[in-house]
Every structure is written in structure tokens, then in C-alpha cells.
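To start, the structure under review is shown below, and the notes come after it.
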Amino acid sequence: MNIILLGPPGAGKGTQAQRLVERHGMRQLSTGDMLRAAVKAGTPTGLEAKAVMERGELVSDAIVSALIGDELDAMGADTGAIFDGYPRTEAQARSLDEILAARGRKLDHVIELGVDEDALVERITGRYTCATCGKGYHDTFEQPKVPGTCDKCGGTEFKRRPDDNAETVRTRMAEYRAKTAPILPFYEAQGIVSKVDGMAEMDAVTDALESILAN
Ligand SMILES: [Zn+2]
């Protein structure tokens, strides 16, 4: 089973990918992580990528394809892949199909964790944490039992992350749409796109993913 998991920041994609890794022994293939690992390990592809980056250039599609190929070759044939952050363009999507086909694999599902943008803004901008112990709270969903006092440590100072604001969330959503817009039609034409409600409870999202994978 090889899948692409899509979802904007805040949709819980990282958590869901981690669960698939734990439950099904799948491997999450993030191009950024693969690149860093290959450079560190000094593989031929890693050395090539390092030279490109040292010249201040972007790593080409050919290098990324080679990285993915290396990674798939190193995985057991029964180990499924979760692609994360790749492909971003239709050319990369076609290339991924070829990389997989050359190894007797295919892409089974492209799953998008959908979000309601306004609800996502509320979810993210309402977050805050105890400045002392780091316990997380939310303006709407999880206030301390005694207002202004941390349930866990009794602290009275709280903090918010500066990028947990509506403008940043909406900018990230726009960036996400721009990144996925080029590839979704390509996969929709193959009939392998499924959408899951990323705003649902985490366990319900996991159940929805599992039922897609079971088909
Ligand atoms: Zn605390």
C-alpha cells in the first residue's frame, strides 16, 4: 500500500501519518527528511544534492526522484510508503508513478484531510499554553478549571505562539491550496482521491483513514 497524505497545517496530518506508521509498519517518506539523511550518510545521491545546495541552487526533480528510489529500494517490498510533501507538480506526480512502477508498486490512495477554514482559524488561534509547565489549553475547547490558573502546576502565566493568528493560518491555507491544486486533478482523473474530514476527532479521522486503506 502506497499513499499520499495531504492536509493543511493544523489538520492533524502528522499525527495520522504517525499512527499509520505504528499500526501498519508503513514508512513516511518526507523529501526534506530524506534529503537531510542522504546528505548526512554521504550516499551518491546525497553528495550530489549537497553540491547543488552548496551552490545555492534548488535540488532538482531528478535528485528527489533518485532519493525516493533509493529509499524504496531500501524498504522491504511489503512495506507501504506514505508520501509527505511530494509531489508538488504534475511532472513530479508522473515521475512518482514511474518510480513506483519500476519497483512493482503503485499509488493506491491520495487522501486529503479536509478542513473548514474558519473552524481551523478558531482551532489554531484559540490555542495557548501554560508558561511554566507547557500544558496546552484552548479558549473555546479547554479552559483551566480555575480561570487563570494552570490545572497541572498552578502557574498563572500563559503564552501564545505568535504565528497562531488568523492571518498566518489563512496564508498557510492559501499556500496549501496553491501547492495541491496542480496535483489533485491528476489523481482525481485516476480515481484514487479520497477526502476525510480533518476537523473530526482524531480517532474518528484515524477510523476513516483505516476504512479507506481497507478498500
Ligand atoms: Zn502549568
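Glycine too: its Cβ is placed from the backbone N, Cα and C atoms.
Among the features that TrEMBL reports, ATP binding site is placed at Gly10, Ala11, Gly12, Lys13, Gly14, Thr15, Arg127, Ala200. Taking a C-beta cut-off of under 8 angstroms and a sequence separation of 6 or more, Ala11 (ATP binding site) has the following same-chain neighbours: Leu113, Gly114, Val115, Leu120, Gly198, Met199.
Beyond its flanks by at least six residues, the region 'NMP' (30-59) meets 66-68, 70-71, 84-86 of its own chain at Cβ-Cβ distances under 8 Å. Among the features that TrEMBL reports, region 'NMP' is placed at 30-59.
Spatially close to Arg161 (AMP binding site) yet at least six residues away along the chain are Arg127, judged by Cβ distances under 8 angstroms. The AMP binding site annotation in TrEMBL covers Thr31, Arg36, Glu57, Leu58, Val59, Gly85, Tyr86, Pro87, Arg88, Gln92, Arg161, Arg172.
Summarised by DSSP class, the composition of the domain 'Adenylate kinase active site lid' (127-163) is 0 helix, 12 strand, 25 coil. Per TrEMBL, domain 'Adenylate kinase active site lid' is recorded for 127-163.
Feature annotation from TrEMBL assigns Zn(2+) binding site to Cys130, Cys133, Cys150, Cys153. With a 10 A radius on its CB, Cys130 (Zn(2+) binding site) counts 21 other CB atoms from all the protein chains.
Close contacts with ligand 1, defined as a Cβ under 6 Å from any of its atoms, occur at Cys130, Cys133, Cys150 among the binding-site residues Thr31, Glu57, Val59, Cys130, Cys133, Cys150. Separating the Cα atoms of Ala200 (ATP binding site) and Tyr86 (AMP binding site) is a whole-number distance of 25 Å. For the recorded site, Thr31 (AMP binding site), the DSSP three-state label reads helix.
Looking at the region 'NMP' (30-59) alone, the prediction's average pLDDT is 92. Sequence-distant neighbours of Val59 (AMP binding site) (same chain, 6+ apart, CB under 8 A from its CB) are Leu35, Ala49, Val52, Met53.
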